[in-house]
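Annotation source TrEMBL lists transmembrane segment at 21-45, 90-116, 137-156, 162-188, 319-339, 359-380, 443-468, 488-507.
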Amino acid sequence: MEISSDEMKISQEVRKGGIRTMPFIIVVTLIVSIPTAFLIFSIIFCLQDYESGEGKGIIVLWLTALFPEARPPHCHPGAANCVQPNGSQLALLFASFAIMSVGAGGIRPCSLAFGADQFDNPENPKNERILQSFFNFYYASVGISLMISVTVIVYIQMEAGWIVGFGVPAGLMFLSTVLFLVGSSLYVKVKANKNLITGFAQVAVVAFKNKHLTFPPKNSDGWYHYSKGSKLVSPTQKIRFLNKACIIRNPEKDLNTGGSASERWHLCTVQQAEALKALIKVVPIWSTGIIVAVTISQNSFPVLQANTMDRRLAGNFKIPAGSLSVFALLTLTVWVGIYDRIVVPWISKFTKRSGGLSLKQRMGIGLFISCFATAVAALVERARRGRAIHEGLADNSTAVVNMSAMWLVPQHCLTGLAEAFNAIGQINFYYSQFPKSMSSIGVALFALGMAVGNLVGSLIVGIVDGLSKRGDRPSWVSSNLNQGHYDYYYWVLTILSVANFFFFIFCSRAYGSCEEPNVWDEGEPMKEEDPHAYEESPLRNIAKSKESPLIHAL
């Protein structure tokens, strides 16, 4: 599996598609329920496949293999007279990339959140441990599927051709969609909050309108508007400004007879304010996942390095350069099983936590290991480049140096270990910090962070390339690895990773505890036709007395 610099550029452009579709993905998962969104994106996902960790619109791409008119004539690599693809052929190709972005970007957060909903039972004392095991083995199953894609599926494509190679995963995805539909009546289905985005906007607008209001006394009842039957009768003190969105200024004007808000753009519920707070609070910690995503997404450069190294394993068998990433996946999968079955029961004896380590500790350990992953990559590349120059291969970018490609395995293993800690910790953290109606949005934050990480990675490469080649010097990320300095590039990533680790520590302390269970009951909205809701509410007493300092302040 030889990958050229042109193919690297195409793969980087494909990765950027994920973040461009994320706003659309989030809107869809807000408007419809998770099972419905899962079905929609499963159908789209039938047009999508993975090869070497890269997505391709499988059915659309399959057409390019099935119909000769959909692609340019076959041409040997390096030939000078190759026919270039026309506009229609390119449009078909890029359509597959667009379908990949929508399908993959939608099914990942929906499938993960939907699966967690099947096990989530707050009344179960072992609920935290059960959810942690689910997230661990879900991610492990993803690792196994990717290992199959970079080995078995690639082998089928190389031996049986692209028609069979793309047809097999398309058939498997179609089968999984059918199985999902067959079992749909057995699933736990959480009702979607269709007004979530509007609710966020309402909280921001109303809080700004009420900026002149003074806060009511602490532990006072009846000052805040909340849904009927909800345990959230007063907001938390973090991001306190948003609490003004649910302050009742004048009960007679702000509330209907049933106790509901007479005008939603003048009064919000405590639940709406707390949902927006939850989203704002996780943003700093979410941002620390961007740099580790940059590290995880470093797939193209190790492939170029492997192409210039001795890839023989036994006899004349050579491991494909693009398949070395299987060691990262293997490390991730094996470690997840060991951690869940062996490490957690042992650590829990000392930490007194059912999950062993806290979620923030898992994320922090992943960030710490990612620093070593890039540092090891820099040291290995320095040794490889030094060996190439010593052998007189500085001007020969395709020559193989006398150095085993197995030296790249440690950095892949460390990257897989970092992902096992940080990525799974992030997913579990987001899911635990949001109400169920926002679970898919919480998980989508992880996918969004990975997409942003891909963009940031491309930006870093562009900046390093532009600055390092000033003065007619070779670029650090030159297409000729022997003339470039990819070791310097890895040291840049190491410095950024170390800085990001300390930034995470700061954000983690500022966030506070995430171990205490959140009360996220959304209650039932007070209906106007329910006269008892208002009669039994302390709001009625406030309306009668009219001694509220808030009312006098108006």
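Cβ atoms are placed via backbone N, Cα and C, with glycine included.
Counting Cβ pairs under 8 Å to the transmembrane segment (90-116), the top-ranked stretch among 137-156, 359-380, 443-468, 488-507 is 443-468. Tertiary neighbourhood of the transmembrane segment (488-507): same-chain residues 284-285, 287-288, 291-292, 294-295, 298, 301, 363-364, 367-368, 370-371, 374-375, 377-378, 381, 460-461, 464, 468, 476-477, selected by CB-CB distance under 8 Å and a gap of 6+ residues from either end. Long-range neighbours of the transmembrane segment (359-380) within the same chain, counting only residues 6 or more positions beyond its ends whose Cβ lies under 8 Å from a Cβ of the stretch, are 285, 288-289, 291-292, 295-296, 298, 302, 305, 407-408, 410-411, 414-415, 417-426, 428-429, 432, 487-488, 490-491, 493-494, 497-498, 500-501, 504-505, 508, 511, 514.
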